[in-house]
Amino acid sequence: MEHFTKKTDKMEENKATRKLRVCVATCNRADYSKLAPIMFGIKANPDEFELEVVVLGSHLIDDYGNTFRMIEQDDFDIGSKLHTIVRGEDEAAMVESVGLALVKLPDVLHRLRPDVLVVHGDRFDALALATAAALMNIRILHLEGGEVSGTIDDSIRHAISKLAHYHACCTRTAEQHLIAMCEDHTRILLAGCPSYDKLLAAHHRDDYMDIIRNWLGDNVKEHDYIVALQHPVTTDIKNSIKIYELMLDALISFNKKTLVLFPNIDAGSKEMVRVMRKKGVEQHPNFRAVKHVPFEQFIQLVCHAGAMIGNSSCGVREAGAFGTPVINLGSRQTGRETGENVLHVRDADTQNKIYHALELQFGKRYPCSKIYGDGNAVPRILKFLQTIDLDEPLQKTFCFPPVKEWDISQDIDHILETQSALAVDLGGTNLRVAIVSMRGKIVKKYTQANPKTYETRMELILKMCTEAVIDAVHLNCRILGVGVSTGGRVNPQEGVILHSTKLIQEWSSIDIRTPISDALHLPVWVDNDGNCAALAEKKFGHGKGVENFVTVITGTGIGGGIIQHNELIHGSTFCAAELGHIMVSLDGPECMCGSRGCIEAYASGMALQKEAKRLHDEELLEVEGMLDLKKAESVSAIHLINAARLGNHKAEAVLRTAGMALGVGIINILHMVNPSLVILSGVLAAHYQAPVQQVIGQRALTSAQSIQVLTSDLEEPALLGAASMVLDYTTRRIY
């Protein structure tokens, strides 16, 4: 990048008169694997740099392998060794360790007087280093900032980034995150991960089998063993210990040679070691439990393993460079960029689930991934260090985006306003817009006939939305975004309506997100009406707190949505949950989709209306007690239902067939996705609930017969579902 290569005459003059004094501080075995290549690079350029090494943290603890010795074996002079760990391995011990480091670091930094302190990652020790250096006016280069993982590590990593003056990040996404955090883009280097420089150059060793046998025994074969490395999750210690226990149980049952590395020193590690010893892992013939493996040998072990399991960043980062299959357990690496070699088991709540993941992954090989580096990080970082101008002001500057001035920003009405969404429902007949509060209350609703052409429809949508946004100010509602529910097949990622239903004309291949967002300056979410109905139930209805359920809309057509593991299922081409087009007969009535025997051709409002008209034309719809219908009067599904209630056998037969078709279709759904609940929504829901429940009891597999069928209590599922897309996303909930 140009701004890294330009040097002023003054910088060249300074460079000629003095070396850059760089202090590298390492806290544990993991960060040393990233820092060592940089240290070797600095040491190899004595005319440019002076290297000082500070060692602290778990490097100096016997229980964690006294890993400072590998630094000495690499022939680095350690300028200072700081014992900063307060034992206890709980939250309080971590806090006390940070405090102890802050007490000891000022003397060391004052004595060394580095120009730049190099800090890595997201450990609590690194936070102490960055805090001390920032307060002592020492420039900080932070490695691997901008990444997203999980637990307290994210908060620590981002805090260090805010203290740091320069950044060397590993991925393009991390670079963008740093820019979004208002860091100066001219001080951000996209370098790649320094450990990749060593592992990409060294993992093709001829003696790899000697290394494997040294750690796991003479009988082990390549790709026939497992490397396990699980650390505690400091924000959920109890659950992380439970996952560790389940992992060990699964590994014992899996019956493969396994190298287990001790966890790091975070809160909860003592309990994890206790679990490991309780299960006899250290004495088990299939296991080898170790506190430390030298990085060069660890590379070989990971490269040639049948699988790696746990929650170490090595699994989602370095292992990808070899194509080694990885099972990532729990939430510790949530958000990390990963290659296709990683199988996530985020809800690792059973031994069987972990065991099944091992069965799926063990022995596979994947394409090698270079998401985190190409092997040339160190030359880039050294060049970046050479461009640092020590005469520049030390004070950091942040690149904040322009902020619009709001006159009411301190007004009490603004503070007390209701967070709300603008919901749009495009139906075959009407176009509706509503202001919906966080609790699902429809504050105000607007309804107009849905125009027949694209131009007039978009014009009306923008007009109604603009009116609603203006009214929202007077109603003390803060509009967070716009959610659009529409019939047809929708790509929610792009906000594009791919194919519409026949009820809405000129509504295919339409980008609806862009014009609304441009006009209102608000984020816009789009999905089809069936999916929106499912989202409405999930947030406001019977589906609240239910992990797996299906919503079926019974109205003019038949549609729905599927919630699986708390997430809406869209499918590879966005046509999942087209429930109305499940075929229940090979030669049934023709459906509007062009096929035959679909549920919609039997049980939709249009299908019932068609049958009602047929019976009426044949004069078979009239019964005693029912008002006579004139030939010209519109006959609807309601007339058919009323005739059946009054004893019309022909109408009863039609409804019996419709209920059977819908019930059989729902049984197919139960047998495919096995939800715990079915919710019927729409104008015909109350009529179909009993027949569908009866068909399930008669025809479903025994294990599915007890699944309950409920009718929705929501009056406006499409509008509420459209609103939930906005409210869930903007308040950082799952959608």
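Any Cβ shown, glycine's included, is placed from N, Cα and C.
Keep in mind the model is a prediction, meaning the values are calculated, not measured.
In sequence order, Asp425, Gly427, Ser485, Thr486, Gly487, Ile553, Gly559, Ala718, Gly721 make up the list of same-chain residues 6 or more apart from Asp529 (active site) whose Cβ falls under 8 Å from its Cβ. The feature active site is assigned by TrEMBL to Asp529.
Around Cys591 (Zn(2+) binding site), the C-beta neighbours below 8 angstroms that are at least 6 residues distant in the chain are His581, Gly597, Cys598, Glu600, Ala601. Annotation source TrEMBL lists Zn(2+) binding site at His581, Cys591, Cys593, Cys598.
Look at TrEMBL and you will find 47-385 tagged as domain 'UDP-N-acetylglucosamine 2-epimerase'.
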Out of Cys593, Cys598, which has the highest number of nearby Cβ atoms, where nearby means within 10 Å of its Cβ, if these are the binding-site residues?
Cys598
Cβ within 8 angstroms of the Cβ centroid of His581, Cys591, Cys593, Cys598: which residues besides those meet this for the Zn(2+) site?
Gly580, Met583, Met592, Gly594, Ser595, Ile599, Glu600, Ala601
What mean pLDDT does the predicted model reach across the domain 'UDP-N-acetylglucosamine 2-epimerase' (47-385)?
91
